[in-house]
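Encoded as structure tokens, here's the structure I'll be asking about.
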Amino acid sequence: MAVPSITLNTGAQMPIVGFGLWKVSRDTCADQVYNAIKAGYRLLDGACIYENEAECGEGVARAIKDGLVKREDLFIVSKLWNNFHDADKVAPITKRQLTDWKIDYFDLFLMHFPVSLEYIDPAEQYPPPDGPEFPAGTASVQETWQAMEKLVDAGLAKAIGISNFNGGLLLDLLRYARVKPATLQIEHHPYLTQEVLVQYAQGQGIAVTAYSSFGPSSYIELDAEDAKSAPVLLDHAVVVEIARKYGRTPAQVLLRWATQRGVAVIPKSGNAERLVQNLASTDFELDGGDIRAISGLNRNLRFNDPMKFGEPHPVFY
Ligand code: NAD
């Protein structure tokens with residue numbers, strides 16, 4: 001199955017549909033990564049804080065050993081966690097993450113959040129727990145970004161990017177960036193369309209990747225109240241009706257609504273049928289009216305907000 005790609009500002013090709021690795025449990029992770037590659041996925045979206053990078057690496061190593069792919073066929077993404085923002089901590093933790101993945105470069109390495117927290121020595125605890133317990137760190141976004149630029153110089157990352165940035169931070173970063181961010185990864189679904197930010201980033205040559213493309217579904221799993229009280233997007237009458245019209249599933253329509261507007265997606269599923277379905281979501285075209293109807297569902301409803309999880313970081317306010 002040929003998946004279209006986006007040409008990044010580095011010249012590299014990034015598949016427009018990838019496989020997300022958040023909440024993939026350690027015991028099934030290696031198999032899920034292997035199965036995703038076998039199903040045709042080439043982009044894997046991981047992170048230190050997902051606590052499964054060593055198992056991701058096992059899945060990748062097995063897929064390469066079995067001849068399913070070569071390393072250069074894959075586009076492996078990982079992210080720098082908040083406890084490692086100090087300039088002298090960035091390269092060592094990236095090397096540690098590469099070791100876990102059993103590879104020697106990332107295709108793309110993202111600053112996960114524009115939030116610096118106090119350093120945690122990986123020899124004592126790794127990965128650090130995700131929660132409100134850490135005091136703020138001292139690194140500015142500029143310090144961290146400039147350390148990430150050196151990852152590119154050293155060949156540890158082919159490209160670097162950002163995640164969970166708003167327009168103001170991005171504007172500022174572009175003033176000093178020697179290496180321009182290749183991508184911006186943000187929460188993006190019909191309840192949170194972020195059109196101004198998407199258009200600004202794309203206009204600057206920064207590719208946008210959507211996370212949580214199905215909106216509340218990912219956060220219902222986390223028992224989040226606002227997700228439980230929002231209408232399920234996959235069951236929304238507007239989405240279901242459009243899916244029926246094209247003979248597709250609601251999930252495929254939500255993914256296509258993003259990719260048709262040039263936004264990459266990284267859905268995750270442990271279910272073999274959905275895994276294939278999500279990848280096979282680029283071979284039909286929604287008409288303009290349908291795109292507008294889906295965009296019209298916007299209610300600026302953000303689920304992945306640190307403040308809602310008790311972390312005192314007002315990143316989006
Ligand atoms: P998701 O897109 O993986 O969707 C989550 C839910 O949808 C899961 O319950 C899944 O089982 C279900 N689902 C998947 N395919 C389906 C289908 N075809 N039909 C019906 N249900 C389906 O949401 P997510 O995990 O929030 O986001 C995807 C990826 O984005 C993550 O795995 C991670 O890699 C990345 N992410 C990044 C950040 C960040 O801060 N940068 C935050 C959240 C997620």
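Placed from the backbone N, Cα and C atoms, the Cβ positions cover glycine too.
Just so you know, TrEMBL annotations are computer predictions that nobody has curated.
Grabbed the feature section from TrEMBL, which reads as follows:
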- 18-298: domain 'NADP-dependent oxidoreductase' (DOMAIN)
- Tyr50: active site, proton donor (ACT_SITE)
- Lys79: site 'Lowers pKa of active site Tyr' (SITE)
- His112: substrate binding site (BINDING)
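Could you give the neighbours, burial and distances for every feature on this list?
Restricting the average to the domain 'NADP-dependent oxidoreductase' (18-298) gives a pLDDT of 97.
For the recorded site, Tyr50 (active site, proton donor), the DSSP three-state label reads helix.
There are 24 other Cβ atoms within 10 Å of the Cβ belonging to Lys79 (site 'Lowers pKa of active site Tyr'). Under the three-state DSSP scheme, Lys79 (site 'Lowers pKa of active site Tyr') falls in the strand class.
Under the DSSP three-state reduction, His112 (substrate binding site) is assigned to coil, being neither helix nor strand. Counting every protein chain shown, 20 other Cβ atoms lie within 10 Å of the Cβ of His112 (substrate binding site).
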How big is the Cα-to-Cα gap, in Å, between His112 (substrate binding site) and Lys79 (site 'Lowers pKa of active site Tyr')?
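On Cα coordinates alone, these residues lie 5 Å apart.
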Between Tyr50 (active site, proton donor) and Lys79 (site 'Lowers pKa of active site Tyr'), how many Å separate their Cα atoms?
10
